[in-house]
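What follows is a single structure, written as structure tokens, with notes after it.
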């Protein structure tokens, strides 16, 4: 049986579980609006009521309710088991440029707050790590309660939301977030950016974002009132709610093969391996971890939460723009069949002398617009627009918009285009087309993406090593012992990024990725090209990719 047929069969089986009817008792319970009952004041009447309640609880109806509850729990367990068996069934939204870490979903992740998430998945972009926690509930239960006056969440849905809110509140502490990241340490063994220190603490520059996803019910979000409820939950409570039919529609439109893993005390256990993917942990197609960590954007740009290139802020901008040019009346799609046709642009081009704001405020979300190619060229042309002054886009850029699956998909294409721009420029300098199917073009692209994502001090340290290597054919600092390598932060960073290696013959530390460069004739002067690249990035920040 081919993979497509197998996936279609899995979707059919999954939907057959989802679409089973809710029990009559559950439907009645969900439609009853509980009213506060006035307590019985007379103590003799209270005793009589207790006796009646006790007698009623001995009846067979209590057993039937228990059986029904057990049946519904089994139904939720069957959904869980089906996702473990076919991991592609679980939609993994709002990934970073690094996409799904190790192409894997984690089954039943234990949380530091003594709770357990049904599933979890991770995505990274340089030093920013997002951990998404997923709670699944029964498909047979109602999510919405509709009536003529208003639409609201059902009583059960409110309980589920409260449960996820408890998760969210428990991670208000940075220490809890760090504990969660440390519990996932086996997954970051080959991550090219040091998220942990040499002493196995969370590194100072590591940023941890946590998302919360609730999957429940078999109703569609097919009315404006329902959509408003779901949008408000996302914007105000940081919870993304997806009924099962909505999730499966996303999966059908953009299927993504995945592994299912679990984390044990002894390491990572692969529960389900996708036949469409390389074996779990195989690094042959991504030797420098560039794809894994979504590398290619400048370290400075992703290190400030409010600046436009931070992955979370970039998502807010893209949702706000609805994926189109933000100039009023334009509406040109930024991502289309022709590729990416736009870019982020600061609306202010002048920083006031006595401003109390940091210079990076020019790049904040509320000061950055997403524009099409035509409007970028003419934007603020010949005019001085000073930060803090009135601007015709200022009010529009304050707005925040909710999750939309198609925008999430377009944003991934936009982020990948951003991470490719620096490497494309370098290949142009090197007189090597990006489309050439040469080992050189592929490897130099990974090399440049990795370098551009380093902190400026690490990059300068690496530059010294490389320049000296080209001049002398050997490392600049002589021989280095293993202990010195492990205790030096720059060397630790560069070996983690797989940009330095220990020569097995001379035991000296030398740059990787340079053998292929020396073999090729594409660069007449690789030393000059590398130096020019560093000049382009000498200040450690490149807003215009």
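Just so you know, the numbers here start at 1 and follow the chain as drawn.
The backbone N, Cα and C atoms fix where each Cβ goes, and this holds for glycine too.
Listed ranges 41-69, 70-98; the one TrEMBL annotates as region 'Disordered' is 41-69. Averaged over the domain 'Shedu protein SduA C-terminal' (76-224), the predicted model reaches a pLDDT of 95. Across the domain 'Shedu protein SduA C-terminal' (76-224), DSSP classifies residues as 47 helix, 43 strand, 59 coil.
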